């Protein structure tokens, strides 16, 4: 019989060392509450700002083609008909096609190596995009950009949930995601400045937008290995006591990982809520991508603004949306409601699109610009609220990584209403697949022949936003009714159990009286966990 490979042996030793470290951490002395608070601030300052910068650059490089369009990209590359729209679509084709292989690579590489590698890769692609001279070149570059960017988001979020407990993650993820909104503001200002370089080196302003922003990503990617720590047990910026405390608190927060069972995967495909939430998400994602890619063009067609002014005017809506997204995340956590925020903000989007469709934009540019504000500021806070980011990342990590404990899922609307890590992860996978197609739709409906009012594009955005509103209303009332039914049949759930997710219910329902009252008497913990959101103790978030 052949001996195991050196790679396998090293990998096994690594896992053994990790388990040994976790064991030591569980026996380490506790930090006081004040010391723990100071420790979490230390981790926040180290992780959140830099990782937010990385995602800001990612989203900026993804959508800066909208700003480049104003600076002569179509004219210089001789794009005709729907060729510009095709250049937008191919990004999403590349983006979707590498998500699974990228997740496999994440399993094999350290964050401090993997994240910088993909940043450097797409930074090079972005820079070279500025040298394109024809339709074929820009299409190839956009496709490769999608390939290289696709795994940054799950990579960073896997990294984040390796550091924080459930009740600590939501605001950090909201800040991280809000950097994408901030990129809309930053991108407009940067494009305005770079457009002044038109003619330098014989290149148009659009080319310098790609080149300079690509070089910026490349430089940040090169310094990233020194900025990104791998995992808490290896963090050089923490003391040994702090490292052990972080590992223990995560272990205590999440418990042991469960086993993979196809039953839970199939439960997700059989659950009609999976598909309703997917439709809610695409109802948010289509307007998001449409506004990110086309808001500079929409503003430029209002009739009274120059190209440079249009780039500057695309900044304020996204700056305001950044703060609205954070405020929504904080307040929605405080009152523990999700659906009402989707309904309110997507209604704002519907109103914004309705104004754009109903008025002569060239005659009323101020009103039209206000409508752009409504659309941008309405859609931004709904993405984080609809997608259930952290629950998705928790489930995704559960499916693709072999670590001694699952990651800490936080409470967000969609993810919270699919109990069980595997079912949740599968449901989120369906939601992402459907939602990403929103980028393809939005790329095709803002056509050159529809200028200056873009009635088709606005009508499609209104339709998707309206669908999201109606389905959110339906799900909110469904969850309220189902919670009331369970309360009537079984009685109110004790406060210390209310809010637990599916994989926690078997642990918290250890009171014999609770088990008897809720029909769980005689059931093993594994059986209770397998009930998922059908558990009589489970209550949906509305």
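Each Cβ is built from the backbone N, Cα and C atoms, and glycine gets one as well.
Small disclaimer: the values here were computed from a predicted structure and weren't measured.
Per TrEMBL, the features are:
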DOMAIN    47-483  domain 'Major facilitator superfamily (MFS) profile'
TRANSMEM  47-65  transmembrane segment
TRANSMEM  85-106  transmembrane segment
TRANSMEM  118-137  transmembrane segment
TRANSMEM  143-161  transmembrane segment
TRANSMEM  173-194  transmembrane segment
TRANSMEM  206-228  transmembrane segment
TRANSMEM  275-295  transmembrane segment
TRANSMEM  315-332  transmembrane segment
TRANSMEM  339-359  transmembrane segment
TRANSMEM  365-384  transmembrane segment
TRANSMEM  458-479  transmembrane segment
**OP:** For the transmembrane segment (275-295) and the transmembrane segment (118-137), check the count of CB pairs under 8 Å (sequence separation 6 or more) and say whether it reaches 3 or more.
**Re:** no
Original post:
Cβ under 8 Å to the transmembrane segment (47-65), counting only same-chain residues 6 or more beyond its ends: which ones?
Top reply: 73, 87-88, 91, 115, 119, 122-123, 126, 142, 145, 149, 152-153, 156, 159-160, 163, 172, 175-180, 182-184, 186-187, 190-191, 209-210, 213-214, 216-217, 220, 224, 227-229, 292-293
Original post:
So are the transmembrane segment (315-332) and the transmembrane segment (173-194) touching or not, going by 3+ C-beta pairs under 8 A with a sequence gap of 6 or more?
Top reply: yes
Subject >> Contact ranking winner - 173-194, 206-228, 339-359, 365-384, 458-479 against the transmembrane segment (118-137), Cβ under 8 Å >> reply: 206-228
Original post:
Which whole-number mean pLDDT does the model give the domain 'Major facilitator superfamily (MFS) profile' (47-483)?
Top reply: 82
Subject >> Close approaches to the transmembrane segment (458-479) from elsewhere in its chain (Cβ under 8 angstroms; 6 or more beyond its ends) >> reply: 273, 276-277, 279-284, 286-287, 290-291, 339-340, 342-343, 346-347, 349-350, 353-354, 356-357, 375, 378-379, 382, 386, 417, 438, 441-442, 445, 540-542
